[in-house]
Amino acid sequence: MTIKVGINGFGRIGRIVFRAAQKRSDIEIVAINDLLDADYMAYMLKYDSTHGRFDGTVEVKDGHLIVNGKKIRVTAERDPANLKWDEVGVDVVAEATGLFLTDETARKHITAGAKKVVMTGPSKDNTPMFVKGANFDKYAGQDIVSNASCTTNCLAPLAKVINDNFGIIEGLMTTVHATTATQKTVDGPSHKDWRGGRGASQNIIPSSTGAAKAVGKVLPELNGKLTGMAFRVPTPNVSVVDLTVRLEKAATYEQIKAAVKAAAEGEMKGVLGYTEDDVVSTDFNGEVCTSVFDAKAGIALNDNFVKLVSWYDNETGYSNKVLDLIAHISK
């Protein structure tokens, strides 16, 4: 059975989710809601400065998109309750506006006829968060869920492997994170985050992130053991997690590498990757794994204190896992 999906919000993640869905036979995008008009929507789908041209045909007819010959309903509703998802048979909504991240607000999609909702960002209430490679097995039929953040999707699978094999006493995470749409091209007002208002292309900007603490929500055994921060850097895409942990069980760096490699080739294949190549950030543009362990970049001070490095395409990897979560909750 094909899962029919509606996308609310056609920004970076909305568009990359759409692109990724074109490569799957189990998911069909049937509707998009955004305040953009259809012609501009088609243009932004066709051309992408980071990921290149859309691989397929995109046309506009009678105010709707025709992609690879299939009609996709286009609406421009501010209130999700008015979206009439049932008219196009939507099973799951990908909530990608960043605006409806509580059960109460996301539930408007259910009111409008959708069966389930996946938030493409960390929830702002107790809506459960699910990360592939960490806690998909804990899904218990909830109709509204969150796919957490791109950084949590990188950190959680790695942290799980390390904790399951060696035990984590405590840890600090830094993500060196590519620029995102909320940042400014030149210095501008940002009342809640003064540093965040500085020019994105000119600065390395320290920032807060809830990604490490969120790992404690998807992996309760790590609750209170991890926290972290971010540096926003002047690159358009691909980020990297630096996880420094104290281990319960002593392990050489070679043993850690072996454990991660085994997981990447086994139960976490497609989520966790492993490389011993001399890679840099652009090598991961378009990477669908949400966490690729860089064996050469990590270091150990001793057998109980290590720094581990893992790469992620914060757009492509995350968007593919949004689709995996949609498929998982539709079983």
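Going from the start of the chain as shown, residues are counted 1 onward.
Glycine too: its Cβ is placed from the backbone N, Cα and C atoms.
When Lys124, Lys184 are compared with the annotations in Swiss-Prot, the one labelled N6-succinyllysine turns out to be Lys124. Here Swiss-Prot has Ser149, Cys150, Thr151, Thr209, Gly210, Arg232 binding D-glyceraldehyde 3-phosphate, and the candidate from Thr127, Thr180, Thr185 in that same listed site is Thr180.
Within 10 Å of the C-beta of Asn314 (NAD(+) binding site) there are 26 other C-beta atoms, taking all protein chains into account.
Distance noted between the C-alpha atoms of Gly210 (D-glyceraldehyde 3-phosphate binding site) and Lys115 (N6-succinyllysine) is 29 Å. The distance from the Cα of Lys138 (N6-acetyllysine) to the Cα of Thr120 (NAD(+) binding site) comes to 19 Å. If you compare every pair of Cα atoms in Arg12, Ile13, Asp34, Arg78, Thr120, Asn314, the residues listed for NAD(+), the longest distance is 27 angstrom. Fewest Cβ neighbours within 10 Å among the modified residues Lys124, Lys217: this applies to Lys124.
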